[in-house]
Amino acid sequence: MTIAQVIVDVPTMQTDQPFSYLIPEEMLSVIKPGMRVEVPFGKGNRHIQGFVIAVTDEQEQFPQQELKYLIHPLDLAPVLNQELLALADYMKEETYSFKITCLQTMLPSVLKAKYAKQIQLLLPESLPKEWQSFFGSDTVVPYEEAVNVMGVALIQQLRMAGTIDIRYLVKKQNRVQTVKMIYSCVTSENYPMFAQMIRKGAKRKVQLLERLTQFPKRTLQEYLDEGLSRTVINQAAMDGWLRLEAEEVYRDPYAAQTFAKTTPLQLNDEQAAAVQALADANQSQTFLLEGITGSGKTEVYLQAIANVLEHGKTAMMLVPEIALTPQMVERFKGRFGEAVAVLHSGLSQGEKYDEWRKIERNEAQVVVGARSAVFAPLENIGLIVVDEEHESSYKQEETPRYHARDLAIWRSNYHQCPVVLGSATPSLESRARAQKGVYQFLHLTKRGNPDALLPSVEIIDMKQEIVRKETTTFSRILQEKIQDRLNKEEQVVLMLNRRGYSSFVMCRDCGFVLPCPNCDISLTLHMDTKTMRCHYCGHEERIPHHCPSCGSEKIRYYGTGTQKVEEELTQLFPEANVLRMDVDTTRKKGAHERILRAFSEKKASILLGTQMIAKGLDFPDITLVGVLNADTSLNLPDFRASERTFQLLTQVSGRAGRAQKHGEVIIQTFNPEHHAIVLAKQQNYEAFYQEEMQIRHQSDYPPYYFTVKIIASHEQEEPAARKMFQVYREIEHVLSSQAKILGPTPHAIMRIKNRYYYQIIIKYKREPQLANYLTELLERSQMDQRNGLFLSIDKEPLSFI
Ligand code: ADP
Ligand code: ZN
Ligand code: ZN
């Protein structure tokens, strides 16, 4: 008997063991690994979803009566291929999460949501006669009804032939969009015969026949636009003059743009060496490409990808969401045109699905996308690029807490192809691996454009500025330099470092700060909506005019929001046009791109923004970059605070002077002697790496130690705390004396969304028992879930707080 092994989707009872289901006779040819199916489950035979991970032939191992039949497939073709099924296994082990969660995570969101599913008739002409009455005059029927009446095997066949397709009702929008094409069947041989068929005076027929001799393939709409009726066209189809076909069109978000074709640049020696090293790697190998900002890393990727395409292979390039700017897309589409599929969160669900389909059907050979693009169903991969590999957004902050970099390396292993991690400021972990020879080190030390010089960087000690009692936001020097650029009609980028920073309301009489009722954190002031908002749970309330604690009216807001800086800026420089880019101005779809486009078209001379602006901008007229407050991110209670600050300052400095004009950077700080700031001024990553490694070594931090965080949460404080103390006692026996346990402690923000969080952090070097213990701990935690206690495991957490 043939059995489907199914991972079922039961949120309250997750298990990584597949369940066996019999496959009904008529579905034997249909069911394949990687498809989703509906199966009966539990005592009540409730219908639930699951993933088929294998189809096996079993000999009498099961008494047949104990097995249930699966009900029907939810897909007509596998949504995950063999490679991605195997990747799910790896991800599960790496991230300590349940397999079903991993499988779900890999799918495009259109497929995940529970939308109504329908069968859409694309080509009524090729539908077998006996089913024509079933569809009647409709072109859509509900999926389940079609499966029941026609049988899945036939439906699958018709789908492969292009007669029908599945569509999902996403916001009343057709999932698959089609356009009707007319193929001409007219040849010089049959032309006279067709011409004879035309009755005298039938002008439209004459016109149609003429057109058919001119256009072998044309859309139906074009014929209709010329005044030909559907009746005439249908009649002609029956007479054999033409063939009507429905062709799928993709919703292409970039359709309106044209991309000027670009040609490969003449590489400098360092770039050429990097491209060559990648070309020579004919097996799985990880490269670290460290190159200063503007050193032409992107050009290296482009040429390395071109090499791979020439060998008939495909390529994947991951970019942090925020760096996936129109400029970046343009560079790829400009070089590779139609071969490029772009996946990022700015696309609608339908658009994203279309891009995914293009990849699945091998119509796109180059995928450019953010974190989840690592799951793109590309086959025959020849190169994987992870640009800005140090970016924390590559790690998903919810289960499964995967790091796209790790999954990219796994896929390079599967495809036996190189993977290149690129950055101007590599993560210490990656740089250390390159040091040890685990990764092969490639280094670009010069700017790609030989005319572009590194910008000069100046540090302003804001402690001195305060003494002078001038504006607290803009130092005197920065004001002068901005004025100078305005006079010269050059462009200025100003960054307000908002990491770990917010504007809040405080009472001057009693010091009261407005807290969130659900979380242990103060509310943030949002001037655009004139509300106080919680950044964790979204709670929103009005700005108070009196102190809720003492009734005083002296309740003021503190902190420098971008809006406040913008006001100051327009007062200081009334003639300047300022564009602002922060969470408030980029909430709407496409807003981010609009602001960048306006700036590139020089509609403004100053771009003011948060760290969002630090990446991906490549405009020739930016000659001044100002960092208004370098320190806020330094003060975070996090061992990566220096690393993050150094990265941010280097990135933003790299925006200046990328072309002929010389660039200048002004960094305002209260900590002018801090090594992250001094070395960012020197733009000396290597020196920063050395110094920071010593600090990490002294305090036993990564990359000298591996880390894992275990978190328990509950609506009450006590059960969460109790659980973590229990884990602590167990884990003491599991670990060797070399490991260090921090905690149990409450999370820095103990209560979030009315749940209390407790955690333990383990620092370790080699603990062979640990992985098994954690897997078992997770399995056991399912019992606790019924009592509202949730446990999660975060391997290599981004922060300790
Ligand atoms: P990165 O990705 O390292 O920041 P880019 O690839 O964006 O650098 O290159 C920075 C600038 O230098 C771009 O304008 C690019 O066109 C230019 N550039 C890169 N390589 C070369 C080269 N070999 N010759 C001339 N210009 C180059
Ligand atoms: Zn008060
Ligand atoms: Zn809250």
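Here the Cβ of each residue, glycine as well, is placed from N, Cα and C on the backbone.
Caution: TrEMBL annotation is automatic and unverified by curators.
What TrEMBL lists as domain 'Helicase ATP-binding' is 278-444. Taken as a whole, the domain 'Helicase ATP-binding' (278-444) shows an average pLDDT of 92 in this prediction.
Per TrEMBL, Zn(2+) 1 binding site is recorded for Cys507, Cys510, Cys547, Cys550. Residue density at Cys550 (Zn(2+) 1 binding site): 13 other Cβ atoms are found within 10 A of its Cβ, drawing on all protein chains shown.
Per TrEMBL, the feature Zn(2+) 2 binding site maps to Cys516, Cys519, Cys534, Cys537. Long-range neighbours of Cys534 (Zn(2+) 2 binding site) (same chain, six or more residues apart, CB within less than 8 Å of its CB): Cys516, Asn518, Cys519, Ile521, Leu523, Thr524, Glu540.
Annotated domain 'Helicase C-terminal' per TrEMBL: 542-696, in sequence order.
For ligand 3, no neighbouring binding-site residues occur among Cys507, Cys510, Cys547, Cys550, by Cβ distance under 6 Å. The number of other Cβ atoms within 10 Å of the Cβ belonging to Cys510 (Zn(2+) 1 binding site), over all protein chains shown, comes to 13. Each of the binding-site residues Cys507, Cys516 was ranked by the number of other C-beta atoms within 10 Å, and first place falls to Cys516.
Checking the binding-site residues Cys507, Cys537, Cys547 for a CB within less than 6 Å of any atom of ligand 2 leaves Cys507, Cys547, listed in sequence order. According to DSSP, Cys510 (Zn(2+) 1 binding site) is assigned to coil rather than to any helix or strand. Cys537 (Zn(2+) 2 binding site) sits 23 Å from Cys547 (Zn(2+) 1 binding site), taking the CA atoms of both as reference points. Close to Cys547 (Zn(2+) 1 binding site) in the fold, though at least 6 residues off in sequence, lie Cys507, Asp509, Cys510, Phe512, Glu553, Lys554, Ile555, each with a CB less than 8 Å from its CB. Of all Cβ atoms in the shown protein chains, 17 besides its own fall within 10 Å of the Cβ of Cys537 (Zn(2+) 2 binding site). Taking all protein chains in view, 20 other C-beta atoms sit within 10 angstroms of the C-beta of Cys519 (Zn(2+) 2 binding site). Summary of the Zn(2+) 1 site environment: with the site residues Cys507, Cys510, Cys547, Cys550 set aside, the chain residues having Cβ atoms within 8 Å of the Cβ mean position are Arg508, Asp509, Gly511, Phe512, Pro548, Ser549, Gly551, Ser552, Lys554, Ile555.
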